[in-house]
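One structure is given below, encoded as structure tokens.
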Amino acid sequence: MEYDGRRPYSVLTRNEITVKMKKQINEISDIFFISNSDATVLLMYLRWDSLRVSERLGENKEKLLMDSGLKSVMIDPSPDSSSEISLETDVYEFDGDNDLISMPFCSHKFDSKYWREYLEKNFYYVEKIQTTISCPDQDCRSAVGPDTIEKLTVRDQEMYERYIWRSYIEGNKVLMIKQCPARNCDYVIEFHQENDDDDEYSLNVVCICGHIFCWRCRLESHRPVSCNKASDWLCSATMKISDESFSLYPTKTKTVTCPHCLCSLESDTKMPQFLTCVCRLRFCSRCLRSEEAHKIEAVDSGFCIKTEVGILCEDRWNVCQKLLEQAKSDLEAFEETNIKKPSDLLREQDIMIIREGLMLIVQCRRVLKWCCVYDYFHTEYENSKEYLRYLQGNAIATLQSYSNTLQEQKDIVLAAATYEECTFFRHTIPTATSNIGNYFYDFMKTLQDGLVDVKVKSYNGGTGPFWYCDRCTYANTWEDNECEMCYDDSASLVGEISDLFLNKVS
């Protein structure tokens with residue numbers, strides 16, 4: 001079991017869950033002198049609530065056994081009662097009594113083939129777990145326990161064990177446990193109920209396999225987006241956004257979005273020029289192609305063609321997803337090279353510093369990916385959208401700068417011949433990692449709080465004859481979709497002249 005006292009959950013293996021389950025079964029069996037098979041049925045019937053099982057057995061044992069199907073029932077002795085069993089629309093006929101398997105609480109008999117078909121169709125392969133398994137006869141409520149399953153094939157017994165395990169995980173009323181949703185992962189997360197209301201830690205769960213998921217909805221970690229919005233985004237039928245209101249709006253300052261990392265760069269002129277982003281991509285400000293691709297295009301056509309297709313939410317999502325996968329690959333490559341095969345020149349402290357930095361980049365990339373969803377849902381005010389993209393652009397640029405610094409220092413440390421060459425690294429990177437972590441924490445809090453910095457109370461009232469611009473507080477009529485003062489060319493010119501005058505005076 002992997003447990004950290006600072007975290008409100010534990011990571012358990014499949015074997016540890018099985019041990020806890022069998023211990024619970026044995027306790028009920030020993031205290032109330034019933035078989036392990038009956039104890040298993042009772043716990044499944046009452047959703048693994050040992051306290052409730054104990055109370056019911058102490059109050060009225062016979063009634064509980066009758067309600068759960070663990071009491072013998074009288075069977076109609078008609079000749080057709082065991083010769084033909086109808087299950088919904090299926091009809092199965094038995095030729096004889098050879099190799100028929102019965103249950104201890106009724107006289108219905110079925111062969112192993114029918115048992116397999118019945119269990120797989122109604123219990124093993126259904127999405128919703130059932131509390132208990134009952135007799136295949138529609139009119140019989142006798143419970144099917146492990147003592148009956150033991151008479152079936154080994155394959156059927158293994159399927160039944162997995163079914164009980166699923167019942168313990170998905171139908172448990174007492175323990176807060178969920179299986180890690182990552183593919184091919186058998187780890188189980190047990191959440192400690194005393195810390196359930198702690199929002200600071202209860203949202204994201206980190207499994208030993210490396211997968212990070214939301215405890216509430218079991219989707220991948222989607223901070224700072226809520227569970228409902230994350231589900232709406234992922235369950236969208238086409239994931240294509242055609243409305244122009246969801247695309248990136250041009251601002252009054254000439255800005256260009258990097259096609260690789262989505263950073264916003266300012267352009268000093270309307271003429272095409274080559275810009276160098278913090279991600280080290282050099283591209284044309286007009287066609288948004290890399291310098292090499294731009295030169296090839298210019299040679300073929302004689303000039304570059306302006307890219308008219310805007311960067312939509314889906315485009316931003318895909319770009320951020322690729323960057324996230326690249327960050328994960330960098331982390332896995334470092335762990336494979338330096339942790340599993342440590343070098344004599346690297347201290348354990350140095351390895352952990354680099355690993356923490358790479359892990360932080362993965363987490364920040366995941367946050368930036370889910371921030372793209374905000375642009376999809378946040379359509380209320382244009383200035384709010386501009387401020388949102390401004391925050392996203394700063395976060396992207398800050399993370400890219402940190403990533404470049406970490407990569408440079410990592411290369412220096414890995415190539416260092418003496419420990420003294422790592423002195424600067426040991427002081428710089430931990431501080432930078434802490435700063436980036438704090439920066440993204442504040443960034444997520446800003447988004448989760450609803451971007452209150454760009455909203456004004458006058459917007460929410462809606463009763464006066466004017467609405468006030470949240471940038472310059474100018475009173476606009478409700479017929480105006482944009483602020484007359486902010487988007488007036490003459491007003492912009494006056495502002496520029498005023499700035500020039502102030503600069504000369506100073």
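Glycine is treated like the rest: Cβ placed from N, Cα and C.
Given the structure is predicted, the values throughout are model-derived calculations rather than measurements.
For CYS106, HIS108, CYS135, CYS140, the entry in Swiss-Prot reads Zn(2+) 1 binding site. Annotation source Swiss-Prot lists Zn(2+) 2 binding site at CYS180, CYS185, CYS207, CYS209. Annotation comment: Swiss-Prot describes CYS214, CYS217, HIS222, CYS227 as Zn(2+) 3 binding site, evidence class sequence analysis. What Swiss-Prot records for CYS258, CYS261, CYS277, CYS279 is Zn(2+) 4 binding site. As annotated by Swiss-Prot, Zn(2+) 5 binding site applies to CYS284, CYS287, HIS294, CYS304. Residues or ranges marked as region 'TRIAD supradomain' in Swiss-Prot: 79-308. What Swiss-Prot lists as zinc finger is 83-140, 158-227, 258-287, 462-492.
The structure, with features from Swiss-Prot marked on it.
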residue	record	Cβ contacts under 8 Å, 6 or more apart
CYS180	Zn(2+) 2 binding site	ASP186, TYR187, VAL188, ILE189, CYS207, CYS209, HIS211, PHE213
CYS185	Zn(2+) 2 binding site	GLN179, CYS207, CYS209, HIS211
CYS217	Zn(2+) 3 binding site	CYS227, ALA230, SER231
HIS222	Zn(2+) 3 binding site	CYS214, ALA230, TRP370, VAL373
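When Cβ atoms from all protein chains are considered, those within 10 Å of CYS207 (Zn(2+) 2 binding site) total 19, not counting its own.
Under DSSP, residues within the zinc finger (158-227) fall into helix, strand and coil as 21 helix, 15 strand, 34 coil. The separation of HIS108 (Zn(2+) 1 binding site) from CYS258 (Zn(2+) 4 binding site), Cα to Cα, is 72 Å.
For the pair formed by HIS108 (Zn(2+) 1 binding site) and CYS287 (Zn(2+) 5 binding site), distance between Cα atoms is given as 77 Å, rounded to the nearest Å. Neighbour count (other Cβ atoms within 10 Å of the Cβ, all protein chains): 22 for CYS284 (Zn(2+) 5 binding site). Taking only the Cα positions, the spacing between CYS140 (Zn(2+) 1 binding site) and CYS277 (Zn(2+) 4 binding site) is 72 angstrom. A distance of 78 Å separates the Cα atom of CYS287 (Zn(2+) 5 binding site) from that of CYS106 (Zn(2+) 1 binding site). Summarising the environment of CYS214 (Zn(2+) 3 binding site), the number of other Cβ atoms within 10 Å of its Cβ, over all protein chains shown, is 20. Annotated Zn(2+) 2 site CYS180, CYS185, CYS207, CYS209; additional same-chain residues within 8 Å of its Cβ mean position, judged by their own Cβ, are VAL11, PRO181, ALA182, ASP186, TYR187, ILE208, GLY210, HIS211. Taking the Cα of CYS277 (Zn(2+) 4 binding site) as the reference point, the closest of the binding-site residues CYS106, CYS135, CYS284 is CYS284.
Neighbour counts of Cβ atoms within 10 Å were compared across the binding-site residues CYS135, CYS140, CYS209, CYS277; the minimum falls on CYS209. Taking each Cβ in turn and tallying the other Cβ atoms within 10 Å, the top scorer among the binding-site residues CYS106, CYS258, CYS287 is CYS258.
Rounded to the nearest whole angstrom, the C-alpha distance between CYS284 (Zn(2+) 5 binding site) and CYS135 (Zn(2+) 1 binding site) is 72.
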